Structures are given as structure tokens and as C-alpha cells.
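Down below is the structure, laid out as C-alpha cells.
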Amino acid sequence: MTDLATRHGAAADHGTSFRPGIDWEHVVRLLVGALMLAVALVIIVLPLYALLSQSFEDHEGNFVGLANFISYAQDPILRLSVFNSLWVAVLTVAIVVPLGFFFSYALTRSCMPLKGLFKGIALLPILAPSLLPAIALIYIFGNQGYLKWLMFGHSIYGPVGIIMAQVFHCLPFVVLIMTTALATADARLYEAAETLNTSRWRVFWTITFPSVRYGLINASLVVFTTAIVDFGIAKVIGGKFNMLAIDVYRQIIGQANFQMGAVIGVILLFPAVLTFIVERVTYKHQTSQLTARAVMLQPKPSRGFDRLMLLAVAVLAVPILGIIGTAIFASFVTLWPYNLSFSLANFNFGAFDPGGWLSYWNSVEMAAWTALFGTIMAFCGGYLTEKHRRGSRVLLGYHIVAMVPLAVPGIVLGLGYIFFFNMPSNPLNVVYGTMTIMVMCTIGHYYTVPHLMALTALKQIDSEFEAASQALGVSFWTTLRRVTVPISIPAIIDIATFFFVNAMTTVAGVIFIYGSTTKVASIAVVALNDTGDEGAACAMAMMILYTSAGVKLLQVIATRLLLHRQQQWRSSLREA
Amino acid sequence: MLDTSRSAAHLTHNGNGAASAAPFLRITGIDKHFGSFRALSNVTLDVQAGEFICFLGPSGCGKSTLLRIIAGLERQNAGMIHSLDQDISDLPPAQRQFGILFQSYALFPNLNVRENIVYGLRNRRMRSAEIDSRLNELIELIDLKGSEGKYPAQLSGGQQQRVALARAIAPSPRLLLLDEPLSALDAKVRVHLRQQIRDLQRRLGLTAIMVTHDQEEALSMADRVVAMRDGEVEQIGTPTEVYHTPRSLFVAGFVGKMNILPGRVGGGRLSIGSLSFAMPAFYDTPENQGEVIACLRPEQMRLKAAGAADALPARVMQLEFLGSFWRATLVVPALGDAEISVDLTSRDMADMPVAIGESVGVALPEDRFAVFPASQSGQVRESVRQ
């Protein structure tokens, strides 16, 4: 023991004199932060700026003020689109939010069996492109649909089909938000109500409903925005029914009227911006009912109630499975509805579309790159924002930019990409028409949710880790590598899966910027549907679903294995 | 003896003149504000090598901020920090070579005890044999032999804090900073660990600064206490100084229990109610004139039989049993019917049992009063609100 003093004697001598050198940590932090901000600006803000400025210019690029907006307002057909989009979105909200709430209520507040299975079914649509329900609905209720008689002479092409497909497409969002909101409740409130002899109905309206009010507002806003800006569904099943997202496509692709397209793009920003503001405002008013001492509510078994809930959930699951089942069936038959014999011909994509299987592999490639770079960016950015934000304007700026995509529909961002990257003066226009721009656009489009996922995961890690390693003389990147990343692996896998699945299913974001060699599967579905090859379109849409589902399954298995292996040290993280 | 410290303790102990001229740590005029909130204003303090200093104050008084500024984790808005005459005001934390013990332990959950302790040693180009022997010494020091392979989750709170302590002192820090290290622990573990920390600090000759809001902790551990309020230093002194001769009503009320009585000072005499006696010398200052507040600790008074010659007549209004002692609330007519608390040891109680409603006599040690200007009366509420 005594020799330690001598061993440290040497260190002690020059330990007392400091060598003030460059603070490399500070430099690295600043450089990486600036780089992140620059990339975020290029993939999110600059394209939007290009779109905005385009909407105030004429064909020659002269500033014309609001002239484009005025001529838009004077066009009765275009005006009708605004109205159509609005009422379709409102009706979708009115149908899907109560359904989703009911579904979530059964999943969280009853003791019905098979909860996992039914939650899985409700979330299934998230793995499919929005085109899938639209195509499947045509098979069910279309001109040759097997349940056409249920339409009583009405046509599925138009608002009816759009709303039905939207309900299918949006249900997972509502279920995700509402199961989270309903899962956290203070059992003591319910016990108090019970001791006061309160009826179940009154308990619902005085305790349950107020506690999930903000969840409901959130879910409604998400559905409303999704329904207004969605492009794929209206494109496939909308028929002659005009909606805003379709108008953008027509103005740009059909009439090459970029200014008018930009104007509609700007209009499409409104609902999402509004959503964003409403959410911020309600978030501030939201006081958590859950204090640290709350006791988690565990539903009590009740035979009658549980059976009723199981029955109701099963009834709701039928159309979801029906739609997906129809798509699977349609993809395997020779020629619907004339020849229903089994065939793999629909998967021979080369026979229908020159792109063939290449579009599918393009999708996988794009999704993989998006997952790789998107995850690295979102996690690094989230790390810097959460752990090193104090006093850094660069990181504050980055955080604000990262929140922007939440308010930007894919089709609007895609449009901005045309304007920004197609400018001859832009040195970045070399990426135009390549896989790179597709990956950039997809990362930008879906950036906010992973950013927030990373922030949430990192918030749960003790904020003193950085300070502790600084005091120990260990650089922050060493602690990031040895501690923060290993702890966050489940969140990182989550983020990667989110990017991958969304990149597989996106249509709107990339429809304007794909090139002949970078056409992806979801675009191929639109094209196949346009040319009347519904069977092949179904097959391609199903390929997307299979791939997303496979990746999702992989995520679940990988996370399980990981958590099992690291059980020893992870057990405490959950308590903290 | 194990010398893990790189402090200059040996210099002072050798009586070396140069070292005694420059304190180990000199903090001058530190200001810190967050937006419009002033967290610290003009904090000045010297720390001698080998000293154990406690920053004591209610939450929000700026003590943690001051500690983080010393560590380099926060940047001060004004002021300087010197260590042995070298300016370290702008050095990043890593270059200051200070060890920090955090309230939350901040142990890395995915690393085991061994990896946690050697975390700061790995990049110091130490040979692995050296690291191993150092680890063994530290493990022995914190009494956790056999637990090297365990993860923090598998240890109790007290054990985790000991591992955190070992990790903090492993790279031989020049100064050990402790940020409320015991507040997350059970009362029993806390008392035990505070002795261990103090013992270790003495044995290794470490200079240490601890932040705490627990006055008992500060009094029992510190060589000197720095009492803080609203971002300013109220008093610096040994625990007995701070306890017996507080410099402000805030310190008097924050550290221990005080009886607070309105009084008047004139001509060097303090009068309370109908009593009048010589002003205690320590508090006989120019600002203590006219209306004042006089304070006396409950354990410094003695109960006597009713009618005793050197005692004021009083009546017992309440009796509270607090385990090791009793606290009696009395009404004393001579003090203008003021209510005062008097502490009785169990032995006092056995010698002379008292009961509610009884008449007794109470002896006031006149030289033990602490006196403050009446203008400070607002500080009473502040110090008791904790």
C-alpha cells in the first residue's frame, strides 16, 4: 500500500501545474452540432424556403406577391378541393377517433383475453402503404367487388372509399395514442369513486374521460392532418373527387404549373401548422394526474364486461383483417374476378412494369439507407440536444429545425425538393434523380418522431453522466460509446425500425423526386394501379407489408434477446 | 499511509512558507445568473489544503451552483478561481483534476463495480497491473471486496455511493467535491456513510467541499461551514462558531432551533420584557441598536424549582417527548408573556419531573443570547420554511 504514494509522487508533481490547452470536447461538440444543423437545414428548411418563395413568383421568377394565391382563390374547381379535403378529414376524425378510443379502452381497461393479438391487428395497417386499403376496397366494393351490393348502387370511387380507406389507415395512430393515454391511470381515484358508490357511467365521465381528453385532442389532430395531406388513398380510390393533395400532383405532373403547385403546397401546410400550435397550447394546459405516488390502475376481471369487450373488438378486427385478407387473396389469383385459380403471376412484376422487381429492391435499399443514416443523425442530434444543449444556440436551432417536419406533409416537402435541388445554381443538384435525394427526403420527412424518441430515451439516462465523466477526465465521446449508446440500444433499434417501415411505405414524399432508376415499390403500386394491373399492384403492396412486418418482427425479437441478455444491469433502469 | 491525494496537504503540514501564502483554492467575486435570476453574487472564499468545507443552505440558495462552478461544469459570469496561485477560472472540468461525488451517484449501470471504479484510469496510460493494484486498494478502502463483478443495480444505495466515492478518488483528484452525496439514503445508512467519508478524507489528506441542506450533516462533518442564503455567503466559520455565534438571524434560525424574542438595546444593555442585562460582547455592534431580536437556544436554559433565586417564574404549557430529550414550552411573564422552548435531558426530567400546567423557574444564561437588528426579522420565516 505504501508504495502507492511514491508511484503517484511523479504524477503529483506536475499534477499541480495546469496546461491550459484547447478544449477539444468543446470544439468537437460545436463542430458536430454545426454539422447537424447544416444537414437539417439542407434536408428540411431550405427546400421549404424554396417552396415558399416559389409560391410568390410568376413563371419568369419575378416576385408577384399574393397574385398566385388570389388566382387560386378565384378558381372554383380548386376552391372545391379545399372544401372536399376539409369535410372528408372531419368525417374521418369523427369515425376513426371514437372507434380507436373504444378499441383502446377494451385493450387497457378490461381483462379480455388475446389483448396482444388484437393490439397487433389494430396496428397492422401502419406496416402497409396507404395505397393498400384503397386497392383492397376496390376489390371489395368496386365495380367488380364481391360485396358491391352493400353499396346499394353508390360508387366506392370518391369520398366514401377515401373515408373508408382513411379510417383503416389512421386507426393505428389513434390506438397508439389512446392506449398510452389510457394505460396510465391512478387507481386511487377509481377506488375513491367506488367507496363513494359512483356508477360506472359517472366514473367514466368524471375520471376516465378528463384524464384522456388531451390524448383525444392529439389523436384527432393527427388523424385530421393525415387525412388532409394523404396522397396515395385519394389517388387510387378518389375517382373524379378532387382533393388538395391530388391537385398538387395534377398541377406539377399534369400541367407543369409549378407556381400553382407551390401555392397548394403552402395551403397544405396550414392544417399541420395549426395542429402544431394547438398541440403546444393544450400541452401547456395539461396537468398530469399522475403524481409520483400514484398507484397504477390494474383492470379487475369481470366476466360479462370482458366478454362484451372481446366481442366488440373482434367485430372491429373483421374489416381490418378483411381488407388485408382481400389484398393477399387478390395478389395470388390469376385474374380477378374471372379466374380465381392460384397463381404467382402477379409477382412477376417485370411483365407489368419495366421497373419490375427493381422497384422493390430500390425500396429496400432506400429504407436501409434511411434507417442507417436517419438513426445516426437522430440519435447524435438527440444526444447533443439533450445532454449538451445548455447555452448552445447551434443546438437550440437544431432542435427547432428537427421539430419542423411534424408540420410538413410529405408531398409538400417533396415539392420543395424539386424547387431546391433542381435549381441550376444549386451545387447540390448533382443528387437530383439519385438514391441520395430520396434518402434525404425520407429522413427529413420523418425526422421529428425519431428525434423525439431519441430525446425521450436519453432523458431517462442520468444527466450527471456527462458531468461525472468530465470530472474523471474522460471525453464525452468515450462515455457516449461505452455507456450512453449501450443503454440506449433498444431505443436505437426502435428508431431504425421506424425509419425503415416509413421509408418502405411512403408515397407522397418521393413521388416528385424519383428517377427512372430509383423508382420505389410504393410508386410502382401507384403506377400499376394506374395501368389497371390491380393484381400486380396488390402483390407489390403486399411485398411492402411483408417486408415491414418482417423488420418489425426482427425488432421485437432482437430487443427481447438483448433485454434478456442484459437483464442483470437493466433491472434497475426500469425503477429509476 | 495511502496517499491518494494530489493535494498540497504535505506542503502546509511541513509548514512551508510559500504554501501557506497561497491558499489551496481561492474563490473571488463569483457572480452567476440564469436569465434574470441571480444565483450567486460576489461569493468569495478561501479553502486551505486538507480542509473539509460544507456549503450549507436551503434549496435554491446557490450552493450547488457554486460547487458546479468550482468543478468547471458551469461557467461563472464574473469572478476568478485560483488554485495555489494558478488561475483555473476558464479551465474545462477535465483539466482541473477534481473528483465529484453526485447525489444520484451517476454510476454507469451497464458497467460493473470494477469497470466503474477504473473508468477514469483507463485513459491515463496506466499499466494494467497498476490499475489492478489501485482497484484492489480502493475496493478494500470502501469495504466492497468480492463485489467487483456486480452491477450497480445489484448493490444497495449505500454500497452504490461507496463505489461512486471510489470512482471519484481513483484518479487521485486534487480536490473532492460532494454534491449532496447522502440525501438519497436512509437515515441510518446516512450517519454511517458520513463517518466513512469523513474518515477517508482525513486518512487520505484530501481537500473536500460538500454541499448539503442538512445542518446536522454540515455540523458533524465540516472543518468549516459556509452558510449561504440567496446566492450570498452569510457566514463562514467552524461548526461551533456557526452554531453558537450566528452572524445573522437567518443562520441562527437555519442551524438548529432558536427561541426568538423582541428586545431593545440602549447604552450597552439589552432589555427583553422587564429584564435588562449587559449586551453579550460578540453582538455589541453599531447596527445592534434600538429595536432588536434576541435569540437563545432551547438547550441553553435550565429549569429550576418554582421560586428559585436565580430563575424567572414560568408556567409549563406543553411537553413534547422527542426520544433523547424533552422539549417544554413555557410562558414567562418577565419576558412579556413570551412563549419559549426549553430542552430537558432525560436526566433533568428524572431529577425534577415537570408536568403541563405546573409553575417552574427558568434560568437564562444572559451571555448566550444572539442579537440581531429588527430589520432582519423577515429572515425568520425564510429559514424555517425549509
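Even glycines carry a Cβ here, placed using N, Cα and C.
Per TrEMBL, the feature domain 'ABC transmembrane type-1' maps to A:82-279 (among others).
The domain 'ABC transmembrane type-1' annotation in TrEMBL covers A:360-555 (among others).
For A:27-52 (among others), the entry in TrEMBL reads transmembrane segment. If one looks beyond the transmembrane segment (A:27-52) by at least 6 residues along the same chain, the residues whose Cβ comes under 8 Å of a Cβ in the stretch are 262, 265-266, 377, 380-381, 384, 388, 392, 394-395, 397-398, 401-402, 404-405, 408, 412-413, 415-417, 419-421, 423, 428, 440-441, 443-444, 447, 476-477.
Feature annotation from TrEMBL assigns transmembrane segment to A:86-108 (among others).
Residues annotated as transmembrane segment in TrEMBL: A:120-142 (among others).
Look at TrEMBL and you will find A:162-183 (among others) tagged as transmembrane segment.
Residues annotated as transmembrane segment in TrEMBL: A:216-238 (among others).
Sequence annotations record features per position, and here TrEMBL assigns transmembrane segment to A:258-278 (among others).
Beyond the transmembrane segment (A:308-336), the same-chain residues lying 6 or more positions past its ends with a Cβ under 8 Å from any Cβ of the stretch are 99, 102-103, 105-107, 110, 112-114, 118, 121-122, 124-125, 128, 132-133, 135-137, 139-140, 144, 168, 171, 342-347, 534-535, 538-539, 541-542, 545. Annotation source TrEMBL lists transmembrane segment at A:308-336 (among others).
The feature transmembrane segment is assigned by TrEMBL to A:366-384 (among others).
What TrEMBL lists as transmembrane segment is A:396-418 (among others).
Residues or ranges marked as transmembrane segment by TrEMBL: A:430-449 (among others).
Taken from TrEMBL, the feature transmembrane segment covers A:491-514 (among others). Using a Cβ-Cβ cut-off under 8 Å and counting only residues 6 or more beyond its ends in the same chain, the transmembrane segment (A:491-514) has close neighbours at 126-131, 229-232, 235, 245, 249, 252-253, 363-364, 366-368, 370-372, 374-375, 378-379, 409-411, 413-415, 417-418, 421, 432-433, 437-439, 441-443, 445-446, 449-450, 453-454, 456-458, 485, 520-523, 525-526, 544, 547-548, 551-552, 555, 558-559, 562.
Look at TrEMBL and you will find A:534-563 (among others) tagged as transmembrane segment. Non-local neighbours of the transmembrane segment (A:534-563) in the same chain are 124, 127-129, 131-132, 135-136, 138-139, 324, 327-328, 330-331, 333, 335-336, 345-347, 349, 351-353, 359-360, 363-364, 367, 489-490, 493-494, 496-497, 500-501, 504-505, 521-522, 524-525, 528, 570; each lies 6+ residues outside the stretch with a CB under 8 Å from one of its CB atoms.
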Among the ranges A:120-142, A:216-238, A:396-418, A:430-449, the one whose Cβ pairs under 8 Å to the transmembrane segment (A:258-278) are most numerous: A:396-418
For the transmembrane segment (A:162-183): best-contacting stretch of A:86-108, A:120-142, A:216-238, by Cβ pairs under 8 Å: A:86-108
Spatial neighbours of the transmembrane segment (A:366-384) far in sequence, C-beta under 8 Å, 6+ residues away: 29, 32-33, 36, 39-40, 395, 398, 402, 435, 438-439, 442-443, 446-447, 450-451, 453-455, 457-458, 480, 484-485, 488, 491-492, 495-497, 499-504, 510, 518, 520, 547
Candidates A:120-142, A:396-418, A:430-449; stretch with most C-beta pairs under 8 Å toward the transmembrane segment (A:86-108): A:120-142
